[in-house]
Amino acid sequence: MKILVPVKRVIDYNVKPRVKSDGSGVDLANVKMSMNPFDEIAVEEAIRLKEAGKAEEIVAVSVGPAKAQETLRTALAMGADRAILVQTDDEVEPLAVAKILAKIAEEEAPKLIITGKQAIDDDSNQTGQMTAALLGWGQGTFANTVDVDGDAIEVKREIDGGLQTVKLSLPAVVTTDLRLNEPRYASLPNIMKAKKKPLDEKTPADYGVDTAPRLTTTNVSEPPVRQAGEKVEDVDALVAKLKAAGAI
Amino acid sequence: MKTLVYVEHDNAEMKDATLAVVTAASKLGEVHALVCGSGCAAVADQAAKVDGVSTVHLADDASLANQLAENVAPLVASLMESHDAFLAPATTTGKNIAPRVAALLDVMQISDILSVEDENTFTRPIYAGNAIATVQSSDAKKVITVRGTAFDKAAAEGGSAAVEGVTGAGESGLSTFVSEEIAKSERPELTSAKIIVSGGRALGSSEKFEEVITPLADKLGAGIGASRAAVDAGYVPNDYQVGQTGKIVAPEVYIAIGISGAIQHLAGMKDSKTIVAINKDEDAPIFQIADIGLVADLFDAVPELTGKV
Ligand SMILES: Cc1cc2nc3c(=O)[nH]c(=O)nc-3n(C[C@H](O)[C@H](O)[C@H](O)COP(=O)(O)OP(=O)(O)OC[C@H]3O[C@@H](n4cnc5c(N)ncnc54)[C@H](O)[C@@H]3O)c2cc1C
(Lines of atoms letter the chains of each structure in order from A and count residues from 1; the text may use other names and numbers.)
(Lines give C-alpha, C1' and ligand atoms only; values in the text may rest on other atoms or scores of the structure.)
Protein backbone atom coordinates (compact mmCIF):
# COMPACT_ATOMS: atom_id res chain seq x y z
CA MET A 1 0.00 0.00 0.00
CA LYS A 2 0.91 3.61 -0.42
CA ILE A 3 1.12 6.03 2.54
CA LEU A 4 0.70 9.77 2.28
CA VAL A 5 2.45 11.82 4.96
CA PRO A 6 1.80 15.56 5.17
CA VAL A 7 4.59 17.55 6.80
CA LYS A 8 4.66 21.18 7.91
CA ARG A 9 7.55 23.58 8.27
CA VAL A 10 7.25 25.29 11.65
CA ILE A 11 9.32 27.12 14.22
CA ASP A 12 11.77 24.72 15.87
CA TYR A 13 10.33 23.43 19.13
CA ASN A 14 13.40 24.60 21.06
CA VAL A 15 12.92 28.23 20.08
CA LYS A 16 10.92 30.51 22.31
CA PRO A 17 8.50 32.39 20.05
CA ARG A 18 8.54 36.20 20.24
CA VAL A 19 5.48 38.28 19.50
CA LYS A 20 6.07 41.22 17.15
CA SER A 21 5.57 44.53 18.86
CA ASP A 22 3.04 45.72 16.25
CA GLY A 23 0.73 42.84 17.11
CA SER A 24 0.86 41.40 13.62
CA GLY A 25 2.15 37.98 14.55
CA VAL A 26 5.11 36.00 15.80
CA ASP A 27 8.55 37.01 14.61
CA LEU A 28 9.88 34.26 12.38
CA ALA A 29 12.71 36.23 10.76
CA ASN A 30 16.03 34.44 11.29
CA VAL A 31 14.37 31.87 13.50
CA LYS A 32 15.32 28.23 13.22
CA MET A 33 12.59 26.30 11.39
CA SER A 34 12.11 22.52 11.42
CA MET A 35 9.64 19.83 10.60
CA ASN A 36 6.69 19.86 12.98
CA PRO A 37 7.66 17.24 15.61
CA PHE A 38 4.38 15.34 15.27
CA ASP A 39 4.98 15.09 11.52
CA GLU A 40 8.42 13.57 12.15
CA ILE A 41 6.62 10.92 14.15
CA ALA A 42 4.25 10.44 11.20
CA VAL A 43 7.12 10.02 8.73
CA GLU A 44 8.83 7.59 11.09
CA GLU A 45 5.69 5.47 11.45
CA ALA A 46 5.27 5.28 7.69
CA ILE A 47 8.88 4.16 7.32
CA ARG A 48 8.41 1.50 9.98
CA LEU A 49 5.35 0.19 8.16
CA LYS A 50 7.39 0.04 4.98
CA GLU A 51 10.25 -1.71 6.74
CA ALA A 52 7.76 -4.21 8.14
CA GLY A 53 6.65 -5.00 4.59
CA LYS A 54 3.22 -3.45 5.10
CA ALA A 55 3.72 -0.48 2.79
CA GLU A 56 5.47 -0.07 -0.54
CA GLU A 57 5.65 3.64 -1.09
CA ILE A 58 5.72 6.76 1.08
CA VAL A 59 4.78 10.10 -0.42
CA ALA A 60 5.52 13.20 1.67
CA VAL A 61 3.46 16.31 1.01
CA SER A 62 3.90 19.84 2.23
CA VAL A 63 1.69 22.86 1.66
CA GLY A 64 3.76 25.96 2.22
CA PRO A 65 6.49 28.29 1.01
CA ALA A 66 9.39 27.32 -1.28
CA LYS A 67 11.48 26.69 1.84
CA ALA A 68 9.16 23.84 2.79
CA GLN A 69 11.29 21.94 0.25
CA GLU A 70 13.83 21.57 3.05
CA THR A 71 11.20 19.95 5.22
CA LEU A 72 10.33 17.57 2.40
CA ARG A 73 14.01 16.77 1.87
CA THR A 74 14.21 15.89 5.55
CA ALA A 75 11.29 13.49 5.10
CA LEU A 76 13.01 12.02 2.03
CA ALA A 77 16.26 11.66 3.96
CA MET A 78 14.44 9.84 6.73
CA GLY A 79 13.06 7.40 4.16
CA ALA A 80 10.09 8.77 2.22
CA ASP A 81 10.24 7.85 -1.47
CA ARG A 82 9.05 10.99 -3.16
CA ALA A 83 7.59 14.36 -2.31
CA ILE A 84 5.01 16.88 -3.44
CA LEU A 85 5.34 20.55 -2.57
CA VAL A 86 2.13 22.52 -2.93
CA GLN A 87 3.73 25.90 -2.97
CA THR A 88 2.14 29.06 -1.67
CA ASP A 89 3.36 32.00 0.36
CA ASP A 90 -0.06 32.55 1.85
CA GLU A 91 -0.92 31.17 5.22
CA VAL A 92 -3.08 28.16 4.53
CA GLU A 93 -5.63 27.17 7.16
CA PRO A 94 -6.20 23.53 8.16
CA LEU A 95 -9.48 23.40 6.20
CA ALA A 96 -7.75 24.38 2.95
CA VAL A 97 -4.81 22.07 3.67
CA ALA A 98 -7.30 19.26 4.19
CA LYS A 99 -8.97 20.04 0.87
CA ILE A 100 -5.61 19.92 -0.92
CA LEU A 101 -4.71 16.66 0.83
CA ALA A 102 -8.06 15.17 -0.11
CA LYS A 103 -7.45 16.05 -3.78
CA ILE A 104 -3.98 14.55 -3.66
CA ALA A 105 -5.42 11.45 -2.02
CA GLU A 106 -7.91 11.11 -4.87
CA GLU A 107 -5.02 11.21 -7.37
CA GLU A 108 -2.56 9.09 -5.44
CA ALA A 109 -5.02 6.63 -3.89
CA PRO A 110 -3.05 5.96 -0.70
CA LYS A 111 -4.43 3.42 1.76
CA LEU A 112 -3.27 5.46 4.69
CA ILE A 113 -2.63 9.10 5.46
CA ILE A 114 -0.58 9.71 8.60
CA THR A 115 -0.59 13.28 9.89
CA GLY A 116 0.71 14.87 13.07
CA LYS A 117 -2.04 15.48 15.61
CA GLN A 118 -1.26 19.18 15.70
CA ALA A 119 1.28 21.67 14.42
CA ILE A 120 3.17 23.39 17.18
CA ASP A 121 2.72 26.85 15.64
CA ASP A 122 -1.05 27.30 15.29
CA ASP A 123 -1.88 24.40 17.65
CA SER A 124 -5.10 23.79 15.71
CA ASN A 125 -5.34 19.98 15.85
CA GLN A 126 -7.68 19.77 12.85
CA THR A 127 -6.05 18.78 9.58
CA GLY A 128 -6.19 14.99 9.94
CA GLN A 129 -9.79 14.90 11.12
CA MET A 130 -10.86 17.31 8.37
CA THR A 131 -9.09 15.31 5.68
CA ALA A 132 -10.80 12.14 6.88
CA ALA A 133 -14.18 13.88 6.81
CA LEU A 134 -13.69 15.24 3.29
CA LEU A 135 -12.65 11.82 2.00
CA GLY A 136 -15.34 9.98 3.94
CA TRP A 137 -12.65 7.87 5.62
CA GLY A 138 -12.28 6.67 9.19
CA GLN A 139 -9.95 8.49 11.57
CA GLY A 140 -7.63 7.22 14.28
CA THR A 141 -6.56 10.34 16.13
CA PHE A 142 -3.80 10.74 18.75
CA ALA A 143 -2.27 7.37 17.92
CA ASN A 144 -0.12 5.63 20.49
CA THR A 145 0.20 2.34 18.58
CA VAL A 146 -0.94 1.26 15.13
CA ASP A 147 -1.28 -2.21 13.74
CA VAL A 148 -2.05 -2.72 10.05
CA ASP A 149 -3.75 -6.01 9.38
CA GLY A 150 -4.86 -6.62 5.81
CA ASP A 151 -7.59 -4.17 4.92
CA ALA A 152 -7.91 -2.75 8.39
CA ILE A 153 -5.85 -0.85 10.90
CA GLU A 154 -6.10 -0.96 14.66
CA VAL A 155 -5.24 2.30 16.36
CA LYS A 156 -4.66 2.61 20.07
CA ARG A 157 -5.48 6.22 20.88
CA GLU A 158 -4.31 8.45 23.75
CA ILE A 159 -7.47 9.89 25.28
CA ASP A 160 -8.09 11.97 28.39
CA GLY A 161 -9.01 9.00 30.56
CA GLY A 162 -6.37 6.58 29.26
CA LEU A 163 -6.26 4.58 26.04
CA GLN A 164 -8.89 3.57 23.52
CA THR A 165 -8.50 1.13 20.64
CA VAL A 166 -10.51 1.46 17.44
CA LYS A 167 -10.43 -0.55 14.25
CA LEU A 168 -10.68 1.34 10.98
CA SER A 169 -11.25 -0.04 7.54
CA LEU A 170 -8.67 1.17 5.02
CA PRO A 171 -8.24 3.70 3.54
CA ALA A 172 -8.06 5.75 6.72
CA VAL A 173 -6.39 8.72 8.37
CA VAL A 174 -4.20 8.35 11.45
CA THR A 175 -2.90 11.29 13.51
CA THR A 176 0.18 10.80 15.67
CA ASP A 177 0.69 11.36 19.36
CA LEU A 178 4.06 11.63 21.09
CA ARG A 179 4.37 8.01 22.18
CA LEU A 180 3.82 6.43 18.76
CA ASN A 181 7.56 6.17 18.13
CA GLU A 182 10.86 7.96 18.40
CA PRO A 183 11.79 9.39 15.00
CA ARG A 184 15.17 8.52 13.55
CA TYR A 185 17.80 11.00 12.48
CA ALA A 186 18.63 10.98 8.81
CA SER A 187 22.13 9.66 8.15
CA LEU A 188 24.53 11.66 6.00
CA PRO A 189 24.42 9.18 3.08
CA ASN A 190 20.62 9.27 3.22
CA ILE A 191 20.64 13.07 3.21
CA MET A 192 22.77 12.91 0.05
CA LYS A 193 20.47 10.34 -1.54
CA ALA A 194 17.42 12.41 -0.65
CA LYS A 195 18.65 15.18 -2.93
CA LYS A 196 18.04 12.92 -5.91
CA LYS A 197 14.61 11.71 -4.91
CA PRO A 198 11.72 13.15 -6.94
CA LEU A 199 10.04 16.30 -5.64
CA ASP A 200 7.03 17.56 -7.61
CA GLU A 201 6.05 21.18 -7.41
CA LYS A 202 2.41 22.16 -7.53
CA THR A 203 0.19 25.03 -6.45
CA PRO A 204 -3.17 25.06 -4.66
CA ALA A 205 -4.72 26.15 -7.98
CA ASP A 206 -3.55 22.88 -9.57
CA TYR A 207 -5.94 21.16 -7.21
CA GLY A 208 -8.68 23.74 -7.66
CA VAL A 209 -8.58 24.62 -3.99
CA ASP A 210 -9.41 28.13 -2.81
CA THR A 211 -7.09 28.91 0.08
CA ALA A 212 -8.63 32.26 1.02
CA PRO A 213 -8.67 32.30 4.82
CA ARG A 214 -11.92 32.07 6.72
CA LEU A 215 -10.33 33.42 9.88
CA THR A 216 -8.70 36.83 10.00
CA THR A 217 -6.15 37.36 12.72
CA THR A 218 -6.71 40.90 13.88
CA ASN A 219 -4.12 40.92 16.62
CA VAL A 220 -1.42 38.77 18.20
CA SER A 221 -0.38 39.67 21.70
CA GLU A 222 1.84 38.36 24.46
CA PRO A 223 0.09 36.41 27.16
CA PRO A 224 0.14 37.96 30.62
CA VAL A 225 3.64 37.39 31.97
CA ARG A 226 4.04 35.68 35.29
CA GLN A 227 6.59 37.16 37.60
CA ALA A 228 8.97 34.86 39.36
CA GLY A 229 8.12 34.67 43.05
CA GLU A 230 10.66 33.96 45.69
CA LYS A 231 12.86 31.08 46.61
CA VAL A 232 12.56 29.68 50.08
CA GLU A 233 15.37 28.26 52.16
CA ASP A 234 13.92 24.97 53.26
CA VAL A 235 10.84 22.80 53.52
CA ASP A 236 9.63 24.54 56.69
CA ALA A 237 9.66 27.88 54.91
CA LEU A 238 7.84 26.30 51.99
CA VAL A 239 5.13 24.93 54.24
CA ALA A 240 4.78 28.31 55.96
CA LYS A 241 4.44 30.05 52.60
CA LEU A 242 1.85 27.60 51.39
CA LYS A 243 -0.15 28.09 54.54
CA ALA A 244 0.16 31.86 54.35
CA ALA A 245 -1.09 31.78 50.78
CA GLY A 246 -4.05 29.71 51.92
CA ALA A 247 -2.90 27.07 49.51
CA ILE A 248 -3.03 24.25 52.03
CA MET B 1 -27.59 33.02 17.78
CA LYS B 2 -28.54 29.43 18.57
CA THR B 3 -25.68 27.32 19.86
CA LEU B 4 -25.22 23.58 20.23
CA VAL B 5 -22.97 22.42 23.05
CA TYR B 6 -21.44 18.96 22.92
CA VAL B 7 -21.91 17.31 26.31
CA GLU B 8 -18.87 15.35 27.48
CA HIS B 9 -19.90 12.20 29.33
CA ASP B 10 -19.35 8.48 29.74
CA ASN B 11 -23.00 7.43 29.24
CA ALA B 12 -23.54 7.64 32.99
CA GLU B 13 -22.32 11.03 34.08
CA MET B 14 -21.88 14.43 32.52
CA LYS B 15 -18.28 15.67 32.83
CA ASP B 16 -17.41 19.05 34.31
CA ALA B 17 -15.71 20.09 31.07
CA THR B 18 -19.20 20.65 29.66
CA LEU B 19 -19.96 23.45 32.12
CA ALA B 20 -17.26 25.79 30.86
CA VAL B 21 -18.48 25.25 27.32
CA VAL B 22 -21.99 26.23 28.36
CA THR B 23 -20.59 29.50 29.73
CA ALA B 24 -18.76 30.18 26.47
CA ALA B 25 -21.86 29.33 24.43
CA SER B 26 -24.10 31.56 26.53
CA LYS B 27 -21.95 34.52 25.47
CA LEU B 28 -23.05 33.81 21.90
CA GLY B 29 -26.73 33.21 22.44
CA GLU B 30 -29.29 30.55 23.22
CA VAL B 31 -27.72 27.33 24.52
CA HIS B 32 -28.83 23.91 23.35
CA ALA B 33 -26.97 20.82 24.50
CA LEU B 34 -26.37 17.60 22.62
CA VAL B 35 -25.96 14.29 24.39
CA CYS B 36 -24.69 11.54 22.08
CA GLY B 37 -24.37 8.08 23.52
CA SER B 38 -26.09 4.86 24.35
CA GLY B 39 -28.21 4.33 27.44
CA CYS B 40 -27.36 7.90 28.37
CA ALA B 41 -30.77 9.32 29.34
CA ALA B 42 -29.42 10.11 32.82
CA VAL B 43 -26.81 12.36 31.24
CA ALA B 44 -29.50 14.24 29.34
CA ASP B 45 -31.31 14.81 32.64
CA GLN B 46 -28.11 16.20 34.16
CA ALA B 47 -27.55 18.45 31.14
CA ALA B 48 -31.14 19.69 31.39
CA LYS B 49 -30.41 20.97 34.88
CA VAL B 50 -27.42 23.06 33.86
CA ASP B 51 -28.13 26.71 34.31
CA GLY B 52 -28.53 28.43 30.95
CA VAL B 53 -29.34 25.37 28.84
CA SER B 54 -32.75 25.72 27.16
CA THR B 55 -33.03 22.48 25.19
CA VAL B 56 -31.24 19.14 25.36
CA HIS B 57 -31.07 17.02 22.23
CA LEU B 58 -30.63 13.40 23.17
CA ALA B 59 -29.27 10.98 20.60
CA ASP B 60 -29.41 7.62 22.32
CA ASP B 61 -28.33 4.86 19.98
CA ALA B 62 -26.04 1.82 20.07
CA SER B 63 -23.97 3.33 17.22
CA LEU B 64 -23.13 6.27 19.50
CA ALA B 65 -22.08 4.21 22.53
CA ASN B 66 -18.41 5.14 22.15
CA GLN B 67 -18.95 8.50 20.49
CA LEU B 68 -16.92 7.57 17.45
CA ALA B 69 -16.35 10.73 15.41
CA GLU B 70 -17.40 8.96 12.22
CA ASN B 71 -20.87 8.32 13.68
CA VAL B 72 -21.27 11.51 15.70
CA ALA B 73 -20.12 14.10 13.14
CA PRO B 74 -22.89 13.52 10.53
CA LEU B 75 -25.49 13.84 13.28
CA VAL B 76 -24.01 17.11 14.52
CA ALA B 77 -23.71 18.39 10.96
CA SER B 78 -27.40 17.75 10.37
CA LEU B 79 -28.37 19.45 13.65
CA MET B 80 -26.33 22.44 12.56
CA GLU B 81 -28.96 23.16 9.92
CA SER B 82 -30.95 24.66 12.76
CA HIS B 83 -28.08 25.97 14.92
CA ASP B 84 -25.50 28.67 14.31
CA ALA B 85 -22.57 27.55 16.42
CA PHE B 86 -21.26 24.18 17.59
CA LEU B 87 -19.10 24.27 20.70
CA ALA B 88 -17.23 21.30 22.15
CA PRO B 89 -14.78 21.12 25.04
CA ALA B 90 -11.11 21.03 23.97
CA THR B 91 -10.81 17.51 25.39
CA THR B 92 -9.69 14.52 23.35
CA THR B 93 -13.39 13.85 22.63
CA GLY B 94 -14.04 17.38 21.40
CA LYS B 95 -10.79 17.57 19.46
CA ASN B 96 -11.63 14.31 17.73
CA ILE B 97 -15.16 15.23 16.71
CA ALA B 98 -15.26 19.00 16.10
CA PRO B 99 -12.89 19.22 13.10
CA ARG B 100 -14.81 16.41 11.42
CA VAL B 101 -17.99 18.42 11.87
CA ALA B 102 -16.28 21.59 10.63
CA ALA B 103 -15.10 19.91 7.42
CA LEU B 104 -18.58 18.47 6.76
CA LEU B 105 -19.97 22.00 7.11
CA ASP B 106 -17.11 23.59 5.14
CA VAL B 107 -16.25 25.75 8.14
CA MET B 108 -12.83 26.64 9.52
CA GLN B 109 -12.82 25.61 13.16
CA ILE B 110 -11.66 27.94 15.90
CA SER B 111 -9.68 25.76 18.30
CA ASP B 112 -9.25 26.12 22.02
CA ILE B 113 -10.84 29.54 22.52
CA LEU B 114 -9.94 31.60 25.59
CA SER B 115 -12.62 34.25 25.22
CA VAL B 116 -15.62 35.31 23.19
CA GLU B 117 -15.18 38.92 22.08
CA ASP B 118 -18.29 39.06 19.92
CA GLU B 119 -20.31 36.72 17.68
CA ASN B 120 -17.44 36.41 15.22
CA THR B 121 -14.38 37.23 17.28
CA PHE B 122 -12.48 35.02 19.67
CA THR B 123 -9.08 34.79 21.27
CA ARG B 124 -7.03 31.62 21.22
CA PRO B 125 -3.52 30.56 22.21
CA ILE B 126 -0.96 29.81 19.52
CA TYR B 127 2.70 28.75 19.75
CA ALA B 128 2.19 26.80 22.98
CA GLY B 129 0.45 29.76 24.56
CA ASN B 130 3.41 32.06 23.93
CA ALA B 131 1.10 34.24 21.89
CA ILE B 132 -2.61 34.97 22.00
CA ALA B 133 -4.32 35.53 18.66
CA THR B 134 -7.54 37.44 18.19
CA VAL B 135 -9.35 35.84 15.25
CA GLN B 136 -12.44 36.85 13.36
CA SER B 137 -14.44 34.20 11.58
CA SER B 138 -16.20 34.91 8.30
CA ASP B 139 -18.00 31.56 8.26
CA ALA B 140 -21.79 31.73 8.63
CA LYS B 141 -21.74 28.79 11.05
CA LYS B 142 -19.14 28.49 13.78
CA VAL B 143 -17.36 25.38 14.97
CA ILE B 144 -15.44 25.98 18.17
CA THR B 145 -13.54 24.07 20.82
CA VAL B 146 -13.33 25.68 24.24
CA ARG B 147 -10.44 25.70 26.70
CA GLY B 148 -12.03 24.64 29.98
CA THR B 149 -9.71 26.63 32.23
CA ALA B 150 -10.54 29.91 30.47
CA PHE B 151 -14.25 30.03 31.33
CA ASP B 152 -16.10 29.81 34.63
CA LYS B 153 -18.22 26.75 35.02
CA ALA B 154 -21.96 27.21 34.55
CA ALA B 155 -23.97 26.13 37.59
CA ALA B 156 -24.80 22.43 37.33
CA GLU B 157 -28.19 23.03 38.93
CA GLY B 158 -30.90 25.56 38.34
CA GLY B 159 -31.97 24.88 34.77
CA SER B 160 -34.96 22.93 33.59
CA ALA B 161 -34.48 22.36 29.88
CA ALA B 162 -36.72 20.18 27.79
CA VAL B 163 -35.16 16.95 26.52
CA GLU B 164 -35.89 16.11 22.89
CA GLY B 165 -34.93 12.90 21.16
CA VAL B 166 -32.97 13.07 17.91
CA THR B 167 -31.97 10.21 15.65
CA GLY B 168 -28.41 9.59 14.65
CA ALA B 169 -27.06 8.67 11.25
CA GLY B 170 -26.30 5.13 12.45
CA GLU B 171 -23.09 3.18 11.87
CA SER B 172 -20.74 4.75 9.36
CA GLY B 173 -19.07 1.42 8.75
CA LEU B 174 -15.72 3.22 8.82
CA SER B 175 -14.62 2.43 12.33
CA THR B 176 -15.46 0.19 15.23
CA PHE B 177 -14.68 0.38 18.90
CA VAL B 178 -12.38 -2.41 20.11
CA SER B 179 -11.47 -1.72 23.72
CA GLU B 180 -10.64 0.88 26.30
CA GLU B 181 -8.14 1.04 29.15
CA ILE B 182 -9.47 3.67 31.52
CA ALA B 183 -7.78 3.88 34.89
CA LYS B 184 -10.36 4.15 37.63
CA SER B 185 -9.08 6.28 40.44
CA GLU B 186 -10.45 7.96 43.51
CA ARG B 187 -8.13 10.85 42.84
CA PRO B 188 -9.53 14.14 41.54
CA GLU B 189 -9.39 14.47 37.75
CA LEU B 190 -6.53 16.64 36.59
CA THR B 191 -8.71 19.19 34.85
CA SER B 192 -10.83 19.80 37.92
CA ALA B 193 -8.37 19.17 40.79
CA LYS B 194 -7.78 22.03 43.24
CA ILE B 195 -4.22 20.90 43.87
CA ILE B 196 -1.94 19.05 41.46
CA VAL B 197 1.34 17.39 42.32
CA SER B 198 3.34 16.82 39.16
CA GLY B 199 6.50 14.81 38.70
CA GLY B 200 9.16 14.95 36.01
CA ARG B 201 12.01 12.99 34.56
CA ALA B 202 13.99 13.41 37.77
CA LEU B 203 11.85 10.80 39.52
CA GLY B 204 13.77 8.16 37.63
CA SER B 205 11.34 5.25 37.73
CA SER B 206 7.69 4.39 38.20
CA GLU B 207 8.55 2.94 41.63
CA LYS B 208 10.15 6.19 42.75
CA PHE B 209 7.30 8.22 41.28
CA GLU B 210 4.84 6.15 43.30
CA GLU B 211 7.02 6.30 46.41
CA VAL B 212 7.69 10.06 46.35
CA ILE B 213 4.83 11.77 44.51
CA THR B 214 1.83 9.67 45.50
CA PRO B 215 2.06 10.12 49.31
CA LEU B 216 2.25 13.90 48.94
CA ALA B 217 -0.73 13.89 46.58
CA ASP B 218 -2.65 11.63 48.97
CA LYS B 219 -1.93 13.93 51.88
CA LEU B 220 -3.10 16.98 49.93
CA GLY B 221 -6.03 15.26 48.23
CA ALA B 222 -4.39 16.29 44.99
CA GLY B 223 -4.49 15.12 41.41
CA ILE B 224 -1.26 13.74 39.94
CA GLY B 225 0.31 15.14 36.80
CA ALA B 226 3.56 14.62 34.97
CA SER B 227 5.84 16.04 32.33
CA ARG B 228 6.12 14.46 28.94
CA ALA B 229 9.51 13.06 29.89
CA ALA B 230 8.00 11.18 32.83
CA VAL B 231 5.24 9.78 30.64
CA ASP B 232 7.60 8.84 27.80
CA ALA B 233 9.81 7.02 30.28
CA GLY B 234 6.79 5.03 31.43
CA TYR B 235 6.72 6.27 35.04
CA VAL B 236 3.02 7.11 34.64
CA PRO B 237 0.31 6.65 31.98
CA ASN B 238 -0.20 9.07 29.09
CA ASP B 239 -3.27 10.70 30.60
CA TYR B 240 -1.08 12.28 33.30
CA GLN B 241 0.72 14.52 30.82
CA VAL B 242 0.32 18.23 31.40
CA GLY B 243 1.33 20.61 28.62
CA GLN B 244 0.90 22.05 25.16
CA THR B 245 0.00 18.67 23.77
CA GLY B 246 -1.35 17.10 26.94
CA LYS B 247 -3.80 18.45 29.47
CA ILE B 248 -4.28 22.12 30.22
CA VAL B 249 -4.75 22.67 33.94
CA ALA B 250 -5.20 25.67 36.20
CA PRO B 251 -5.54 24.47 39.79
CA GLU B 252 -5.26 26.57 42.93
CA VAL B 253 -1.85 25.02 43.57
CA TYR B 254 0.47 23.30 41.11
CA ILE B 255 3.54 21.65 42.60
CA ALA B 256 6.17 20.85 39.97
CA ILE B 257 8.70 18.35 41.24
CA GLY B 258 11.83 17.58 39.24
CA ILE B 259 10.39 19.30 36.19
CA SER B 260 12.65 21.71 34.31
CA GLY B 261 9.92 23.95 32.89
CA ALA B 262 10.15 23.52 29.11
CA ILE B 263 7.78 25.85 27.22
CA GLN B 264 5.67 22.85 26.23
CA HIS B 265 5.13 22.01 29.88
CA LEU B 266 4.52 25.60 30.97
CA ALA B 267 1.86 25.88 28.26
CA GLY B 268 -0.26 23.45 30.24
CA MET B 269 0.02 24.87 33.76
CA LYS B 270 1.11 28.48 33.76
CA ASP B 271 -2.39 29.72 34.56
CA SER B 272 -2.37 27.90 37.91
CA LYS B 273 -3.02 30.23 40.83
CA THR B 274 0.03 29.33 42.89
CA ILE B 275 2.96 27.50 41.33
CA VAL B 276 5.46 25.72 43.54
CA ALA B 277 8.67 24.30 42.11
CA ILE B 278 11.08 21.90 43.70
CA ASN B 279 14.21 21.41 41.64
CA LYS B 280 17.86 20.92 42.48
CA ASP B 281 19.01 23.21 39.69
CA GLU B 282 18.59 26.80 40.80
CA ASP B 283 18.65 27.94 37.17
CA ALA B 284 15.83 25.66 36.04
CA PRO B 285 13.39 27.70 33.92
CA ILE B 286 10.47 26.56 36.07
CA PHE B 287 11.68 29.00 38.77
CA GLN B 288 11.03 31.91 36.40
CA ILE B 289 7.30 31.38 36.77
CA ALA B 290 7.09 29.75 40.19
CA ASP B 291 5.58 31.74 43.04
CA ILE B 292 7.42 29.63 45.57
CA GLY B 293 10.65 27.88 44.67
CA LEU B 294 12.72 25.44 46.66
CA VAL B 295 16.17 24.51 45.41
CA ALA B 296 16.64 21.05 46.83
CA ASP B 297 17.02 17.39 46.05
CA LEU B 298 13.48 16.18 45.64
CA PHE B 299 14.23 12.82 47.22
CA ASP B 300 14.92 14.63 50.52
CA ALA B 301 12.56 17.56 50.23
CA VAL B 302 9.38 15.86 49.08
CA PRO B 303 9.18 13.20 51.81
CA GLU B 304 9.91 15.92 54.35
CA LEU B 305 7.17 18.09 52.85
CA THR B 306 4.76 15.16 52.94
CA GLY B 307 5.50 14.78 56.63
CA LYS B 308 4.85 18.44 57.35
CA VAL B 309 1.64 19.30 55.47
C1 LIG C 1 6.10 18.32 20.06
C2 LIG C 1 6.42 18.34 21.51
C3 LIG C 1 5.39 18.36 22.40
C4 LIG C 1 5.66 18.35 23.76
N5 LIG C 1 4.61 18.38 24.61
C6 LIG C 1 4.87 18.38 25.94
C7 LIG C 1 3.81 18.42 26.91
O8 LIG C 1 2.63 18.47 26.56
N9 LIG C 1 4.13 18.39 28.22
C10 LIG C 1 5.43 18.34 28.66
O11 LIG C 1 5.65 18.29 29.88
N12 LIG C 1 6.43 18.30 27.77
C13 LIG C 1 6.18 18.31 26.44
N14 LIG C 1 7.24 18.25 25.57
C15 LIG C 1 8.58 17.95 26.10
C16 LIG C 1 9.33 19.15 26.66
O17 LIG C 1 10.00 19.80 25.62
C18 LIG C 1 10.37 18.67 27.69
O19 LIG C 1 11.24 17.76 27.07
C20 LIG C 1 9.77 17.99 28.91
O21 LIG C 1 8.73 18.78 29.44
C22 LIG C 1 10.85 17.78 29.94
O23 LIG C 1 10.36 17.06 31.04
P24 LIG C 1 11.05 17.20 32.48
O25 LIG C 1 11.00 18.61 32.90
O26 LIG C 1 10.44 16.17 33.35
O27 LIG C 1 12.53 16.70 32.19
P28 LIG C 1 13.90 17.50 32.17
O29 LIG C 1 13.82 18.66 31.27
O30 LIG C 1 14.95 16.50 31.95
O31 LIG C 1 14.01 18.11 33.63
C32 LIG C 1 14.28 17.36 34.76
C33 LIG C 1 14.49 18.36 35.88
O34 LIG C 1 14.66 17.66 37.10
C35 LIG C 1 15.67 18.30 37.86
N36 LIG C 1 16.23 17.27 38.76
C37 LIG C 1 16.98 16.19 38.45
N38 LIG C 1 17.25 15.47 39.55
C39 LIG C 1 16.66 16.09 40.59
C40 LIG C 1 16.56 15.83 41.98
N41 LIG C 1 17.11 14.74 42.52
N42 LIG C 1 15.86 16.69 42.75
C43 LIG C 1 15.27 17.80 42.22
N44 LIG C 1 15.33 18.08 40.90
C45 LIG C 1 16.01 17.25 40.10
C46 LIG C 1 16.65 18.80 36.86
O47 LIG C 1 17.36 19.89 37.40
C48 LIG C 1 15.73 19.23 35.70
O49 LIG C 1 15.37 20.59 35.83
C50 LIG C 1 6.99 18.29 24.22
C51 LIG C 1 8.03 18.28 23.30
C52 LIG C 1 7.74 18.32 21.95
C53 LIG C 1 8.88 18.31 20.98
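Including glycine, each Cβ sits where the backbone N, Cα and C put it.
Note that TrEMBL annotation is computational and uncurated.
Under the heading domain 'Electron transfer flavoprotein alpha/beta-subunit N-terminal', TrEMBL lists B:3-181.
Annotation source TrEMBL lists FAD binding site at B:R201, B:227-228, B:241-245, B:258-265, B:N279. Residues within less than 8 Å, Cβ to Cβ, of B:R201 (FAD binding site) and separated from it by at least 6 positions along the same chain comprise B:S227, B:A229, B:A230, B:A233, B:G258, B:I259, B:S260.
Of all the binding-site residues listed here (B:I259, B:A262), the one with the fewest other CB atoms within 10 A of its own CB is B:A262. Here the domain 'Electron transfer flavoprotein alpha/beta-subunit N-terminal' (B:3-181) returns a mean pLDDT of 97 for the predicted model. Proximity to chain A, defined as a C-beta distance under 8 Å, is registered for the following binding-site residues out of B:R201, B:Q244, B:I259, B:A262, B:H265: B:Q244. Counting every protein chain shown, the Cβ of B:Q244 (FAD binding site) has 23 other Cβ atoms within 10 Å.
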